[in-house]
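Per TrEMBL, transmembrane segment is recorded for A:9-30, A:99-119, A:131-155, A:185-204, A:242-264, A:284-306. Marked as domain 'ABC transmembrane type-1' by TrEMBL: A:95-307.
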Amino acid sequence: MFFYLIRRILYAIPIALAVGFVCFMLVQIAPGDPINAIVPADAPGDVVEQVRRDYGLDKPLPVQFGIWLMKVVQGDLGRSLATGRSVWSDLSSAISNTLMLALVASMIGFVLGCILGGLAGTFRGSIIDRAAVTIAVAGVSVPHYWLGMVLVVIFSVQLNWLPAMGAGPGGSADWVWNWEHMQHLVLPAVTLAVIPMGIVTRTVRGIIAEIMNQEFVTALRGKGLTRAGIFLHVVKNAAPNALAVMGLQLGYLMGGSILVETVFSWPGTGLLLNNAIFQRDLPVLQGTILVLAMFFVALNLAVDLVQTALDPRIKRA
Amino acid sequence: MKLRRFLLTACLAALPLVAAAPAMAQGTIRIGMTAADIPLTNGQPDQGFEGNRFTGIPLFDSLTMWDLSAADRPSVVIPGLATEWRVDPNDRTRWIFTLRRGVRFHDGSEFNADAVVWNVRKVLDREAPHFDPRQVGVTATRMPTLRRAEKIDDHTVALFTSEPDSLLPINLTNLFMASPTQWQRFRDANPTAEAAWNAFAREPSGTGPFRVTRFVPRERLEMARNDNYWGTKARAERIVLLPIPEANARTAALLSNQVDWIEAPAPDAIPQLRSRGMAITSNAQPHVWPWQPCFAEGSPLRDVRVRRALNLAIDREGLRTLLGGMMAVPVGTVPEGHPWWGNPSFRIRTDKAEARRLLAEAGYGPNRPLNLRVQISASGSGQMQPLPMNEFVQQELKEVGVNVEFDVIEWNALFTNWRNGCQHASARGAHATNVSFAAMDPFFAMVRFWDSKMAPPVSNNWGHFNDPRFDEMIRVARNTFDAAERDAALARLHAAGVDEALFIWIAHDVSPRAMSPRIRGYVQPQSWFVDLRLPYVQ
Amino acid sequence: MSTATTPTAAEAELAVQARQAVAKSQGYWAGVWKRLRRDPVTIGCAIVLLAMLLVIVFAPLVAPHDPYQGSMIRRLRAIGTPNYILGTDELGRDMLTRLIHGGRLSWFMGITPVLLAFVIGTFLGVLAGFAGGKVNMAIMRVTDVFYAFPSVLLAVAISGALGAGIVNAILALTLVFIPPIIRVAESVTTGVRNLDFVDAARASGASAFTIVRVHVLGNVLGPIFVYATSLISVCMILASGLSFLGLGTKPPEPEWGLMLNTLRTAIYVQPWVAVLPGVCIFVTSICFNLLSDGLRQAMDVKG
């Protein structure tokens, strides 16, 4: 068990390095001279050459990767071509905004998914089951950016109940957990929640149905345990898997919020990425992808560790 | 009797309200911009003229400024931080500017001749400790003849140009005066000049009617009224700028009361906005929404017949329908009757038969279709509704057998590429670029596109147009310091430009804005800019 | 096996299925078909998809108008306008025609990456599973790396770096879908490889190629195919999402995601017309999902 943990953590290191390498290569595969990713297009020639030497772009690729990696490890993600601000300064606020959105969306998705999946799994084959499954399939099949547009038209424009864009009256910088700010979160979070809702519903339904069929539940029933007692048992056995699925979903939402953030002008990593792509601001593009991917690696690790801790029956080779 | 007393009481009751209105001048105006990010606040904004409109003019002043106070007459250049100026009769490359006295920057330091010299050097003197390459692109291209500044005394400076240039005072509306003291303060605290400029951009200091109070990158810029402003003070207490590049999101933001004012609402949303009580404003303005051709070797647009054919193939009235009436139909860079109009012999109109004939004459036809690649943006200052508009033009040209492919890039990138030219890698082989431009002064309207010396990286002759006839006409205009004679020279230039079809002229913007009925006092001048001192919230 | 992520429930299920599939008698596929026939939802979805496919393939014959020819006079007509049953778009082009033609690119961009990933991923996965050892190690560790990116992020990153365009978008999406298919193929193959009859075949002197072709592929392709059908739905949403962002197709090409984007501003005038492309994506995607579910259930003995 202990050795598994150590091995699992050690294993994350080469993965992280390789992820870094992929991000590094993003700039290399981009059309044009990678120097254009670092200096503005209208910089004078001598400045360009100076930067080329500073960044070691005249050296072979592995050396360049080494130089880049050293900078990244020291927290230097470079400067935005468009604004001149350090990538990290923009990224840090964007990440917390995206994390907030993704967490809230995950929570909505998780709670709804558990309720739907639980009902469906318990009453398998009934009308409830069918309805829940239909909702779940719809959730994973809907183009959520489209759903976002529809929600804006209904709730912001027609009914005027909820704001259509932004992260609150004062922007994200003075976010407070009050209704005035939180109402900005409602539409994007609900839009983003439909996919995890669908996935969690399916997963929970599957797990519950499987556990309910297992012998120990039948045995418990035979022992005359109450429904509540059985329910507790089921939850205890279903929780690790459901949590694992949810944890990964959080990661997917963090990385996949670009469309929703664009629709709602939510000032997170997705919007940052979108602007960076169309401004061809490669340092911002690279930095954002790197940090999000690293977050995902860490999340994977955490989910694995938590799952192992919660459910020692899961055997690890 | 009773009625009269009632009326009297009512009037008396209303009196303080009426009297107080101008003095009460208050409130916060929240503006939804079309830019994807806050334009730079270091003194020389990026994001095109939307940048000047929102983070240039309100925060900083320039030596000369635009009169933006009236809607019913063309906007002209008026004194700003300089009270008067004249060219040295003995040396026509030397201008003397007398500076306004008693002006202070937001940080309290004094505006004087040293500050002017410092601000000229920030973009023109590579040796200056505060030289900022980032600001060069958006500044030097707008005043290409300016070379240096020299202090004469505390309130007089001399500006030097590379050649006689009667247009300099107009160009100087683009050189904003940032506070040297504030910058030096940041320089002392930061290891490099670049870092100092970045710090300055977070806490800028100019002499303008508003000062920055809060800057949340990518999200919002808040400015408060500068109560020590040297001129007429602003009426609104605070202005909040929000970047909302997507037209639909802007409209939704206005309709759900998240902003009070949006730039360029989606034309299709205008009826809905009106029905919800929003005011839609628009006004003629010196603006051109063109395709700017590439004249380099190998570009099919080198052929004047092709350029003319494209100009004749577009049904601009149809385009106006697409925009809900929110555009004016161009017949050149300036409208007919303008002092620089000049009566060109080539009439820009819709004549598809003639367009086909010209294309056939140039060697294009069903067997050899003309394929064009055009670089466009999806949004941006002055770009109107670039995607549907370009798609419309594409369809119109298809009818005369021209296939158009678009390279859609972000606005700021398109704008940067504009200074790189059509032979640069950033053009990615485009035959035309779709950067809309301001035509309020001769340099912006014509000189920078048609003068061979203005080829990249100097200025915006993106297509590398090179014709000695045009260079000569421009030289004459620049050397003419008499206003009427200069207009005549410019009219000849404009007529020649239209005859050569140096642009595909597609639309003039009328700068639609939508605002909440709570906004009062707003004036939409015949300009790209607005005077943010005028509007206030009731 | 310790990998970067725990295999998802779907993968585990597939591996089990594959083992069971092997044990099945000749009547297996007959049974699958029998179960499918009794599943009205799956049959319904298959019919809807087939109908869509036919309409799309024969678009020029079916569509009432020219997809590129518009007119400002008749722009943004409502649904139900005579001659323009689904209304017209922002440039006055017939919506029905654009939707039909748009389906071509949307389907193409939804299916091509999955198909490519299916071929490449199956090859690599079976290779890894069958060869084992260092080959397995190399292939699977690289897969792990790509698994470390959330799928949308990877697609956006690659097409963002390469620049907009259909080819780049397809390339990006293919890269996104290869790793999950490799994983499924590898785990299924490993499962099959250790079964008795493969050992028997090996003992009887059959070449590795023959074993893979006859025994492994025969048992592996089915489950992976089912898995791949479920990816089509995801891929279609992702592809139109890229177009919606401006990273996929370019105007004036009709494509559902791009149409959704350009019709965004019409949502105040003709909301129902503006949401139509989204409805198309939704219906296609949900049908592929349900079809995939139905197939999976029909092929699973436990039903």
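Each position is counted from 1, following the chain as shown.
Cβ from N, Cα, C; glycine included.
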Subject >> Leading contact stretch, A:99-119, A:131-155, A:185-204, A:284-306 vs the transmembrane segment (A:242-264) - CB distance under 8 Å >> reply: A:185-204
Original post:
Most CB pairs under 8 Å with the transmembrane segment (A:131-155): which of A:99-119, A:185-204, A:284-306?
Top reply: A:185-204
Original post:
Who are the long-range neighbours of the transmembrane segment (A:185-204) in its own chain, taking Cβ under 8 Å and residues 6 or more past its ends?
Top reply: 100-102, 104-106, 108-110, 112-114, 116-118, 120-121, 132-133, 135-142, 144, 147-148, 151-152, 155-156, 162-164, 167, 238, 241-242, 245-246, 249, 252-253, 256-257, 260-261, 263-264, 266
Original post:
By a Cβ-Cβ criterion of under 8 Å, what residues six or more beyond either terminus of the transmembrane segment (A:284-306) are in contact with it?
Top reply: 5, 8-9, 12, 15-16, 19-20, 22-24, 26-27, 37, 72, 77-78, 80-82, 87-88, 90-91, 94-95, 243-244, 247-248, 250-251, 254-255, 269, 272-273, 275-277
